[in-house]
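Enquirer: Quick one: structure below, then a few questions.
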């Protein structure tokens, strides 16, 4: 018999091993092993993308069932008899016990954006294998672990932010380092993402028209929700999606009309300034006008596209055109980004494997909404596995296109020579034979003038996705539509991130400046609001402008910096987690976050070291700077892809800024690590226990299942509790 | 036989309706219902905010409480 107020611990015991269960898991392990064997051992012959999908899904299943379960019950010791902040505080607004499936959707929509669609595409220059191995193993042992452990510790502290936890649990030095890391990554992240949009939409009237149309569509949705149908989010988003699809179709007509095509034809610099102005206006407008409706639209599209892509890959089963490894994995001379497999694959692919940024979300809104402690596995670990799967699909999209086309799209314009002839010759020299006709035919198929030097990953992903979609829906005739559909939703995610990120950066800046000048802290004080918004926009705007005009290719130069910044934030998060495990007397399990932390630090510091000290001008910022300033001193007027003296000076400035930033990031990592190690030693000397800021235990009165699908035992408990009149959300 | 069919339909309808509620939850459409439940529990007897007024407050919270969006 169950009475209200008794909470079951039954779910904490591992399910009993029945013969059927044993068989199922043996089968999962076998499928995974065979898939891994195929993708790792095949040389020379094309393999089907299905093997990548099987290897990923089987590995995720095993990681979730065994490793994540071990972490939640043995390491974190989740306790479902303990009330979560959502249950204790329950204020009907930001603290509210939320159905685990709803929260999973929420959390996934908050962590996943354009990131997992970009990194894997760039890393594909080394072949499909390095990226695949890192995405799958990285998420199981590092990324998903970080998200889940941060979520757990923040939940035990009423949803404290990562910065607060770093300050309180490590110390003021670690706290300040964390704050600087967050601000720095925000600026670099927004600049790199905005650059992806610029590179995808420059000289593309079709793409530019569709994206510009999202602004009136979002405004319409905003006014509709505010004044006509308040609260009808589903209905409004439905209308928005239909209008969005119409805008994509309309883009085709615009591109076909010579006058309109000229009107929506923008150069790189025009788009750059457009984005900067847009970013500023969007971040000072009230959220109901633009941000909120855009966010609804983006959530809708995000989930829809992920499902659509998964179905299409499974139905179309395309085969991979890129080899397992290219020579660039070992010689470090890759044209997309320089440097060899270690450490640069692990820097380039952050989102989808290990992304420090997620720690901000896992210590933000999600911990305040979670209903039961054991649900951190499904929400923290599970959402990250889903994002990782998105990254695998992006890698598939990059690998199904012709390798010659892939390199022609992803090399900086300066390196490719004149027109399709020059590009085809350059790429063929790399060992990936492609004809000028193929390059032109690809551009024609997607309704663009050219596919050459469309760097940034988004156009490449869009081309691969369009091939996959059109194989299932609509055939060759739909290629152009699907290409612009894919470009558009990536740009939509990015604009949402730019808008939200500028706001978050502004709030942090207002808070920091508020220490010096009080009125700044008042978030509705207009002069402060405009000033801080302008500062944040100027920050990312500078890097965007410098990147777009970088003679050596902005993505090539800035993407490693973005990866390093993201992994720096992961180092902060994992250091906080390790500190908390040690301080709470769980030093024997500290390896769970310490091993990924050490890996992350080794990778990031090696990359930073090479970026700072490498004598190879292709990799080292300062070596590159020396090469260009020497050439200038010798009176040379061109060097490499810098064709004029001005461009050479630009390279000198950019490499100085980028080099100094790399050094700053490396220094921050070392500071945080040393400060954290100090606390670890103190805790271990004190007998392996130090006070932490955990909220005291309160008995829970709620009950809910732990996983996505309730087990038979959980369904039985739900029925009994419902019959006894318990106020659980399950079954309501 | 007819009974089993009817039961099957009922199960399907229940499943679809709960899937719909989850989807509404994910996009945030249940905020007003959540507020009403909370209000009934904690301020029983006082009239709750109207729907229109609630949504205005709810959306405007975003102006001072920014939510992060990741890459």
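Glycine is no exception: its Cβ is also placed from the backbone N, Cα and C atoms.
Just so it is clear, the model here is predicted, and its values are computed rather than measured.
Under the heading transmembrane segment, TrEMBL lists A:22-41, A:47-67, A:108-128, A:134-155, A:176-200, A:206-225, A:303-321, A:341-363, A:384-409, A:558-582, A:589-609, A:660-681 (among others). Look at TrEMBL and you will find A:49-607 tagged as domain 'CstA N-terminal'.
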Enquirer: Can you tell me which parts of the same chain pack against the transmembrane segment (A:47-67), counting only residues 6+ beyond its ends and a CB-CB cutoff under 8 A?
Expert: 25, 28-29, 31-32, 34-36, 38-39, 128, 132, 135-137, 139-141, 144-145, 313-314, 317-320, 377, 381-382, 385, 388-389, 392, 395-396, 399-400
Enquirer: Should anything in the same chain at least six residues away from the transmembrane segment (A:341-363) have a Cβ under 8 Å from its Cβ atoms, list it; otherwise answer none.
Expert: 107, 110-113, 115-116, 118-120, 122-123, 126, 130-131, 134-135, 138-139, 142-143, 146-148, 150-151, 153-154, 159-162, 165, 182, 185, 189, 329-330, 380, 384, 387-388, 390-392, 394, 559-560, 562-564, 566-573, 596, 600, 602-604, 606-607, 610
Enquirer: Excluding the flanking five residues on each side, which residues at least 6 beyond the ends of the transmembrane segment (A:303-321) place their CB within less than 8 Å of a CB in that stretch?
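Expert: Contacts with the transmembrane segment (A:303-321): 46-50, 52-53, 105, 108-109, 112, 128, 241, 386, 389-390, 393, 396-397, 399-403, 465, 467-469, 471-473, 486, 489.
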Enquirer: Ranking A:176-200, A:384-409, A:558-582, A:589-609 by Cβ pairs under 8 Å to the transmembrane segment (A:660-681), which is first?
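Expert: Comparing A:176-200, A:384-409, A:558-582, A:589-609: A:558-582 has the most Cβ pairs near the transmembrane segment (A:660-681).
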Enquirer: What is the pLDDT of the domain 'CstA N-terminal' (A:49-607) when averaged and given as a whole number?
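Expert: Overall, the domain 'CstA N-terminal' (A:49-607) comes to a mean pLDDT of 94.
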Enquirer: Take the transmembrane segment (A:176-200) and find every residue of the same chain, 6 or more past its ends, with a Cβ under 8 Å from one of its Cβ atoms.
Expert: 114-115, 118, 162-163, 166-167, 207, 211, 268, 271-272, 275, 279, 356-357, 360, 454-459, 462, 487, 490-491, 494-495, 497-498, 501-502, 504-505, 508-509, 512, 536, 539-544, 547-548, 554-555, 558-559, 561-562, 565-566, 568-569, 572, 661, 664-665, 668, 671-672, 675
Enquirer: Are there residues at least six beyond either end of the transmembrane segment (A:206-225) with Cβ under 8 Å to its Cβ atoms? List them, or say none.
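Expert: Distant Cβ neighbours of the transmembrane segment (A:206-225) are 197, 200, 231-233, 236-237, 239-240, 243-244, 247-248, 250-252, 254-255, 260, 264-266, 271, 278, 288-290, 292-294, 296-297, 447-448, 480, 484, 487-488, 491-492, 495.
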Enquirer: Which of A:22-41, A:108-128, A:384-409, A:558-582 has the most Cβ pairs closer than 8 Å to the transmembrane segment (A:589-609)?
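Expert: By Cβ pairs under 8 Å, A:558-582 leads among A:22-41, A:108-128, A:384-409, A:558-582.
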Enquirer: Which sequence positions outside the transmembrane segment (A:558-582), separated from its termini by at least 6 residues, show Cβ-Cβ distances below 8 Å to it?
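Expert: Counting only partners 6 or more residues beyond its ends, the transmembrane segment (A:558-582) has Cβ contacts under 8 Å with 75, 119, 122, 142, 146, 149-150, 153, 162, 165-166, 169-170, 174, 177-178, 181-182, 184-185, 188-189, 191-192, 195, 337, 339, 344, 346-351, 354-357, 359-360, 543, 547, 550, 589-590, 592-594, 596-597, 600-601, 603-604, 607-608, 611, 658, 661-662, 665, 668-669, 672-673, 676, 679-680, 683-684, 688, 692.
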